[in-house]
Amino acid sequence: MATPPKRGRLEGRVKKIAVEGNIAAGKSTFVNILKQADEGWEVVPEPVARWCNVQQNSEEDCEELTTSQKSGGNVLQMMYEKPERWSFTFQMYACLSRIRAQLKSIDGKLREAENPVVFFERSVYSDRYIFAANLYESDCMNETEWTIYQDWHDWMNKQFGQSLALDGIIYLRATPEKCLNRIYLRGRDEEQEIPIEYLEKLHYKHESWLQHKTLRTDFEYLQEIPILTLDVNEDFKGKKDRYDHMTEKVKEFLSTL
């Protein structure tokens, strides 16, 4: 069973928290709230823009892109339209882009903070055990692709696990029905054909992992990792009282780590 490796001086001082939850549970809104709540907090959003438009135009972004990332294409839409063809490609690319974003997360702001915290919008663990596993179980990845993905994921974590290991998880818990409604409201073109059955499968896996703790992983330390569950069925976007309440819950959670 894999365990988190020892960290460097700064990495050991920065608390790393993953914000997990179903599609459209409210993660992006939530991490934006956290970013504004404390000067010592930083967030790493999901790189959705790169999945929807792999080719980037800005010089700053292009300097950081690999050849595959400059090739162009909406790999998220391709996956939803033809999952049997593109699920493996998407999951490999999604995890790669997530790792690259999270490895860059310790910037000058965190180096100067007294109690630095970085919040990851999802983690490499939900990449594998929620989303990729669900696609494999739904016959959208074949046995060979799934085996290659797991082998690649294990190797990447051995190389970069020092910077990716978590101190805690915040689970934004919402029903599949509420998530489907939010998908329609936010209007992301690639997601408009997502069926409720897909969200139900993802919800079941999140519940098994973060509520019932019956989902087993290859990372032993995740079995005992502290988890804060926040019920987000009630819409909280634009509601300051809800922002304040959720922020206080997070501060209380961090104080226990």
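Each Cβ is built from the backbone N, Cα and C atoms, and glycine gets one as well.
Database features, via Swiss-Prot:
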BINDING   21-29, 182-186, 234-236  ATP binding site
BINDING   Glu46, Tyr80, Gln91, Arg122, Asp127, Glu191  substrate binding site
ACT_SITE  Glu121  active site, proton acceptor
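Feature map: Swiss-Prot annotations on the structure.
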{"residue": "Ala24", "record": "ATP binding site", "DSSP (3 states)": "coil"}
{"residue": "Tyr80", "record": "substrate binding site", "DSSP (3 states)": "helix"}
{"residue": "Glu121", "record": "active site, proton acceptor", "DSSP (3 states)": "strand"}
{"residue": "Asp127", "record": "substrate binding site", "DSSP (3 states)": "helix"}
{"residue": "Arg182", "record": "ATP binding site", "DSSP (3 states)": "helix"}
{"residue": "Glu191", "record": "substrate binding site", "DSSP (3 states)": "helix"}
{"residue": "Asp235", "record": "ATP binding site", "DSSP (3 states)": "coil"}
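Cβ-based neighbour count (10 Å, all protein chains) for Gln91 (substrate binding site) stands at 26. Comparing the Cα of Arg122 (substrate binding site) with the Cα of every entry in Ala24, Lys27, Arg182, Asp235, these being the binding-site residues, the smallest distance points to Lys27.
Candidates Gly21, Glu121, Arg182 (recorded positions) were compared with Glu46 (substrate binding site); those inside 10 Å Cα-Cα are Glu121. Ala24 (ATP binding site) has Glu191 as its nearest neighbour among the recorded positions Tyr80, Gln91, Glu121, Asp127, Glu191, going by CA to CA distance. Here Asp235 (ATP binding site) is positioned 20 angstrom away from Glu191 (substrate binding site), judged by their C-alpha atoms. Long-range C-beta contacts of Glu121 (active site, proton acceptor), restricted to its own chain and to partners at least six residues apart, with a cutoff below 8 Å, comprise Val19, Lys27, Ser28, Val31, Val43, Val44, Pro45, Glu46. Ranked by Cα separation from Asp127 (substrate binding site), the binding-site residues Gly21, Arg182, Leu185, Asp235 are led by Gly21. The distance from the Cα of Gly21 (ATP binding site) to the Cα of Gln91 (substrate binding site) comes to 17 Å. For the pair Gln91 (substrate binding site) and Leu185 (ATP binding site), the C-alpha distance works out to 25 angstrom.
Within 10 Å of the C-beta of Arg122 (substrate binding site) we count 21 further C-beta atoms, all protein chains included.
Between the CA atoms of Asp235 (ATP binding site) and Tyr80 (substrate binding site) there is a gap of 26 Å. If you compare every pair of Cα atoms in Glu46, Tyr80, Gln91, Arg122, Asp127, Glu191, the residues listed for substrate, the longest distance is 19 angstrom. Rounded to the nearest whole angstrom, the C-alpha distance between Leu185 (ATP binding site) and Tyr80 (substrate binding site) is 19.
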